[in-house]
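> Dropping the structure in here first, questions after.
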Amino acid sequence: MLAQGAQRRLLGILNSTPPATPHPGPAPNQTDPWCLEVSVPDGLFLSLGLVSLVENVLVVAAIAKNRNLHSPMYFFICCLAVSDLLVSVSNVLGTAVALLLEAGALAAQASAVQQLDDVLDVLICGSMVSSLCSLAAIAVDRYLSIFYALRYHSIVTLPRVWRAIAGIWVASVASSTLFIAYYAHTAVLLCLVSFFAALLALMAVLYARMLAQACQHTRGIARLHKRQRPAPQGLGLKGAATLTILLGIFFLCWGPFFLHLLLIVLCPQHPACHCVFRNVPLFLALVICNTIVDPLIYAFRSPELRKTLQEVLQCSW
């Protein structure tokens, strides 16, 4: 499995499809002339993983160093960074081992390779689930800080934050283990796709309500100053653009991967679906790209964190 590079058995389904009724037409390993397959070089895949690794290590180091960043919001950001860190580490490690095996520079028994493959699959799946949960937790935290500002510190206490983070990791490990063990079952794939759709809907609703609240607040201020149109329009456009970028990046990076899972359930033998299956390396590269973009959206925009990051880079511990 690992010897197939980026197309190894990620989540148990990336190199194969579940058994299905024979379907007339081209065999699964055949491709129609119109089928587009995007090749992702191993070097590019490794480079993306290393960039993500460096970025997320810096985020974790900055939050750990600065006590001013020891707040619920930054703890959730740190949880996201650790999740993204594990996504990049597992993919880089898997690709590196695959390249060493292909080059003959690494000798290993088939059983040892299979065990490593299983461990990496669980690690990748678990880190992906925890990454998605962390993104949802950040959205919920921001929502509470806006709509329950006066009660925020009594609602979002550090013990509750630590319990939430522990729950995210326990659920991620448990779900990834079950998923790897029962990946051939349709219900398991549908549960994972439904999980992604539910998180996307939750984030869209929460951020849309936050945008609406911000626009309403600005309109109230504008009425007090008898400036009813210019200010809210500018804020509305800026807020809508930010919301579109945030959710658009999330859907663009994660959507194709979960579309792949959904198509395995809906049309495992259809030629058009096999064109999608052949682009799994591209989908994984997009997931890695998301782990690169997450620090830019959620962490590096903070002046306090950027200042701490400069201190970290200057080795002034």
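Placed from the backbone N, Cα and C atoms, the Cβ positions cover glycine too.
Below are the features listed in TrEMBL for this protein:
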TRANSMEM  44-63  transmembrane segment
DOMAIN    55-298  domain 'G-protein coupled receptors family 1 profile'
TRANSMEM  75-99  transmembrane segment
TRANSMEM  119-140  transmembrane segment
TRANSMEM  161-181  transmembrane segment
TRANSMEM  187-208  transmembrane segment
TRANSMEM  235-262  transmembrane segment
TRANSMEM  282-300  transmembrane segment
> Which range wins on Cβ pairs under 8 Å with the transmembrane segment (161-181): 44-63, 75-99, 187-208?
75-99
> Which residues of the same chain, at least 6 past either end of the transmembrane segment (75-99), have a Cβ under 8 Å from a Cβ in it?
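Non-local partners: 2-6, 8, 42, 45-46, 48-50, 52-53, 56-57, 59-60, 63-64, 106, 116-117, 120, 123-124, 126-128, 130-131, 134-135, 137-138, 141, 158, 161-162, 165, 168, 172, 284, 287-288, 290-291, 294-295, 298-299.
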> By a Cβ-Cβ criterion of under 8 Å, what residues six or more beyond either terminus of the transmembrane segment (187-208) are in contact with it?
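For the transmembrane segment (187-208), the sequence-distant neighbours (Cβ-Cβ under 8 Å, at least 6 residues beyond its ends) are 13, 129, 132-133, 135-136, 139-140, 142-143, 178-179, 243, 246-247, 250-251, 254, 258, 261-262, 264-265.
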> Find the average pLDDT over the domain 'G-protein coupled receptors family 1 profile' (55-298) in the predicted model and report it.
82
